[in-house]
Amino acid sequence: MIRFILADIKRMWAGAIVVVLLVALATALGVTVTLQERALRLGSARAADKFDLVVGAPGSETQLVLSSVFLQAAPLPLVSGDVLAKLAADPRVAWAAPIGFGDSFAGYPLVGTTRALISNTTTGFTEGRMFEKEGEAILGAAVNLPLGAEIKPMHGTAASGGETHAGVVYHVAGRLKPTGTPWDRAILVPLQAVWHVHGLGHAHEEGEHEEAGHDHADGDHDHDGEAQHAGEAAHAAEVAPATGETAANSATHAEEHHDDHDHHGTIDADAPIMEDYGTDAPGLPAILVKPKTIADAYRLRQAYRTGGTLAVFPGEVLTSLYSTLGDAKFVLSAVAAGSQALVAAALVLVTVTHVAQRRRQIGALRAFGAPRLSVFTIAWAELFLMVALGICLGFLIGLAAARLIADAFTGQSGIVLPVEFTGQDVRSFLGLLIVAAILAAVPALLAYRQSPAKALRS
Amino acid sequence: MLSLSVENLSVSFPGLDAPVLVIDDLKIAAGEHVAVTGGSGSGKSTFINMVTGLDRTASGNIFWNGQDIARLSEGARDRWRAEHVGLVMQDFHLFQGLSAVDNVLLPARLSRVADRAMTDRAHELLSSVGLSRPNQKIDTMSRGEMQRVAIARALLRRPGVVVADEPTASLDGASGEAVGKLLLEMAASAGSTLIVVSHDQTLIDRLDRRLTLAAGRIKTDTKAGERAQ
């Protein structure tokens, strides 16, 4: 019987290929949507795993998480520098690390941060070491630069018309192990360097620097009182898409401060790194906080959700984001299911027509004594075989497509998307096979019920 | 070897005023070779469908060796036909993509009765009908060769009756004559009753008896000797 079925399929190979491909593509569409959505959820959740609490200025919770955890370039309002000092001194906090961003190099974002954050959120170095001086940088695992390379930061990105900071050069001191997060694509530099490059943060360090014998060329900046903070915010917004106040403010201030670029600060490459921030620290886009306990995390979130700060759990924000994604997934899944249903209906129509065209063959089989059950089995197995093959192929194409998309996404964002089949997919696979088995029974039943005499007469 | 007895058979189709086939009494002896002739619409195909159990009527009886197949269910008629009837048709009804021997064995395989002995018999039969390449694909055969494969298939299970519906109609003269002769020889050697629907006078003349149908009734029933006179 198998030989007969295969010979029959081979005889109508062109139609069989079309059926298999139709089923495969319809299946692949659904599989890709499911795998991709799940991978995006898992990948983003894992990327945010290390960041328990993020504190920023009031604004969009989602944007705060996207910018700080996923390093998405977008303007953020600044939170006052004294919040960092307050958090660092809070007994409920294990560590609090500020981040500043907005510059880039060779398409990689530059993130100013602290050694505490790097030590606490990564698993060490594949080569080199931690930055020890203001002019040193370390690379995320996916940054394609060699150790010792020179990094000349640029305001914003080349695509957004950024300008290179004149005279500012970092040297790569180390490369981190992969984390599967956007930070793999980041170049990490001391936060104080970012401040200095943008002409900020000298006031609170002045005494220390003088003691250390450093004399900054950008001392002509006036950073007193409220005017200082306003200037910082405006400047940050202007020079970097992710460090400013808001998009609107950025545009306004960009015009006003553009001429200031040339006299914006530079760094002292050999200056030691000071990570003891006082209450006069410049404004910050975000502070990543590690609470000591879960209870502390909730208390801190509560405490820093009032006044001039906004504290969020990235996981909670992502959950909210997922629900939006979930709606999108529902729409995409509905579209995929609709296409699968259309393909299924088309297939049944095609096979019913096919059975009608094969009436004489079926009649002959019966006339020669083939049992009705054999005729049913032949008609059923032929269609089921093609559809099952299409479903298998569809799952493989779906997996390949999801992996290609995930790889492209990882290349752009650094977030590793775990595309893999789970028990749910196995259940879907079996479910589709069952549906295929039932659908294949429709033409088979027609063949089963066909009178051999009438079939031969046709 | 099977004998046939048809009693009070009447076959009607919906929408037609008169029955398409009426046979009050017909007997065909076991081993007899009978030609069935008649014009288009005379009831030949209906006769074949009825006596082979391909179709059924509520009116009348069709006894093969005393068993009334008109009373059998469809499944039981399929089994009976597979076991007792060898069919040869004008259009061969061979299956493309399969070899000659696979075509011969296909009905037996679908009925799950094909064993080594039957496979050997399939090869012997193909050799007997003059085909030396049992694994040759049907697609590459001439029409005459195809009908030889169909004859081998009909005789595989040593049927009690061989029913041939216009077996030479789609063949050229030489092939038709050779196939007709072969059919008679093979049926005789298998000891099967033979019923042939045909317009082929050469073939009809070789048979023991001739039934002529007209308007669904047996118009004439003549023996070979009677025809010669």
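Every residue gets a Cβ built from N, Cα and C, even glycine.
The feature compositional bias 'Basic and acidic residues' is assigned by TrEMBL to A:204-229 (among others).
Residues or ranges marked as region 'Disordered' in TrEMBL: A:204-274.
Here TrEMBL flags A:230-245 as compositional bias 'Low complexity'.
The feature compositional bias 'Basic and acidic residues' is assigned by TrEMBL to A:253-267 (among others).
Taking Cβ pairs closer than 8 Å, the transmembrane segment (A:330-352) reaches residues 15, 19, 22-23, 26-27, 29-30, 33-34, 37, 383, 387, 435, 439-440, 442-443, 446 in its own chain, all 6 or more past its ends. Annotation comment: TrEMBL describes A:330-352 (among others) as transmembrane segment.
Residues or ranges marked as domain 'ABC3 transporter permease C-terminal' in TrEMBL: A:340-449.
Annotation comment: TrEMBL describes A:373-406 (among others) as transmembrane segment. Cβ atoms under 8 Å from those of the transmembrane segment (A:373-406) belong to residues 1, 4-5, 8-9, 16, 19-32, 34-36, 39, 43, 347, 351, 355, 362, 365-366, 417, 419, 421, 425, 429, 432-433, 436-437, 439-441, 443-448, 450 of the same chain, restricted to positions at least 6 beyond its ends.
The transmembrane segment annotation in TrEMBL covers A:426-448 (among others). Remote same-chain residues near the transmembrane segment (A:426-448) are listed as 23, 27, 31, 34, 344, 347-348, 351-352, 354-356, 358, 362, 372-373, 375-381, 383-384, 387-388, 391, 395 (criterion: CB distance under 8 Å, separation of at least six residues from the stretch ends).
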(message) Need one number: mean pLDDT over the domain 'ABC3 transporter permease C-terminal' (A:340-449).
(response) 86
